[in-house]
Amino acid sequence: MPTCASPYRGYCDCGKCECDEGWFGEACQFQEDCNLSNKKSKELCRNPQGVVCSNRGTCHCGSCMCNNPDERSLVTGRFCECDDSECLDEDTGEVCGGHGQCYCGNCYCDAGWHGDKCEFQCDISPWESKRRCTSPDGKICSNRGTCVCGECTCYDVDPSGDWGDIHGDTCECDERSCHATYDRYTDDFCSGHGQCNCGRCDCKEGWAGNKCEHPLSCSLSLESSLKKCRGTSNLPCFGRGQCQCGQCTCHPPGDSRVHGKNCECDDRQCEDLSGEVCGGHGYCSCGRCICEEGWFGKLCQFPRSCDMSDAQSKELCETSDGVVCSGKGSCHCGRCICSPQDWWVSGEFCECDDRECDKHDGLICTGNGLCNCGNCECWDGWTGNACEIWVGTEY
């Protein structure tokens, strides 16, 4: 049943909105007369991926009119991003089999039911199911899986293997803990010098360290070796190389973009998602862009001057609710410059929170990709939610 968008736009009559003059739509949410330019309207209709109304609707005055030819209102969302037809039972046509609610294409099942479309009934109580799935540290499936009728289904982070790196009755074992950042370029656990048992390395004779990375033949202690490799970072070799006896070997081998005594320079940070260095308006120096005259920004992406009035610039920086740069940045030449104090704020309208990007080894996107509006965009050779899995050539 639609809910009328505003008491000033229409009234509800037997579950249907009767709209006032000048308004239309199932909930009287669309205005017939529009004072926005076509360009501004389309900008407001683009989803975070830049697609107008997610290719599931048409844009009208900055709002998406979702395609629903059967009048079941299955395509919803501000950008028509939700397709609730994915919740329909193939046999009965019921939403979530009649045993749950559909939210943005996903079924949330009633107690005692489970399955993608709530098609299976569980023969144990929800409390017993939760008890069986609780790990020794008190977390449901160790926060690494989902509990279905008393059994944990662990997240499979290995897209190519026959078994996931995460396993155990309550997903308590995470074999990724046996991988150092640098040795993700191989299939070796524990630096190739030990055996991984439920996320812990048992080192071979002659080797030590959490990941068996330190040879006991080294004249330095493990801590001295790691301290020498850290430099100014919290991670040995800045998480971009192998530390052995106080010396860093940067990875991936042969990639000159990662360099420095402690692998402190990562020139991949100067590239945008398309691979362009410093926006074509500067050069990279140890992972930082040095911009040409007339350009500025982390990737030299902003011109210092432009042929545009303040009013024109502000119009291009406003979000659909009329807020400039989501209140988290300033507008310059029609583009948002997000607050540098809040490093995690990004996006065309400063609408994104990069803290939502997955981490591994304490690094966002494991240092092997860029965070794009809360999702990791991995560099070539890397995959996984946190770009933690190497699928390129083994070394």
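Quick reminder: no glycine exception, Cβ is built from N, Cα and C everywhere.
From a predicted model like this one, the values you see are computed outputs, not experimental measurements.
Summarising the annotation, TrEMBL assigns domain 'Integrin beta epidermal growth factor-like' to 41-81 (among others). Packing against the domain 'Integrin beta epidermal growth factor-like' (41-81) from elsewhere in the chain are residues 2, 25-26, 29-31, 34, 88, 104, 316, 319-320, 347, 351-352, 373: each is 6 or more residues past its ends and has a CB under 8 Å from a CB in it.
Within the chain carrying the domain 'Epidermal growth factor-like' (91-118), a Cβ under 8 angstroms from the stretch's Cβ atoms is held by residues 76-77, 81-85, 125-126, 148-149, all 6 or more beyond its ends. TrEMBL lists 91-118 (among others) with the feature domain 'Epidermal growth factor-like'.
The domain 'Epidermal growth factor-like' annotation in TrEMBL covers 270-300 (among others). On the 0 to 100 pLDDT scale, the model's mean across the domain 'Epidermal growth factor-like' (270-300) is 93.
Panel annotation: around the domain 'Integrin beta epidermal growth factor-like' (314-351), residues 40, 43-44, 48, 62-63, 297, 302-303, 305-306, 308, 371-373 of the same chain, lying at least six beyond its termini, place a Cβ under 8 Å from a Cβ of the stretch. Residues or ranges marked as domain 'Integrin beta epidermal growth factor-like' in TrEMBL: 314-351 (among others).
What TrEMBL records for 357-387 (among others) is domain 'Epidermal growth factor-like'.
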#### Entry: Secondary structure tally of the domain 'Epidermal growth factor-like' (91-118) (DSSP, helix then strand then coil)
3 helix, 11 strand, 14 coil
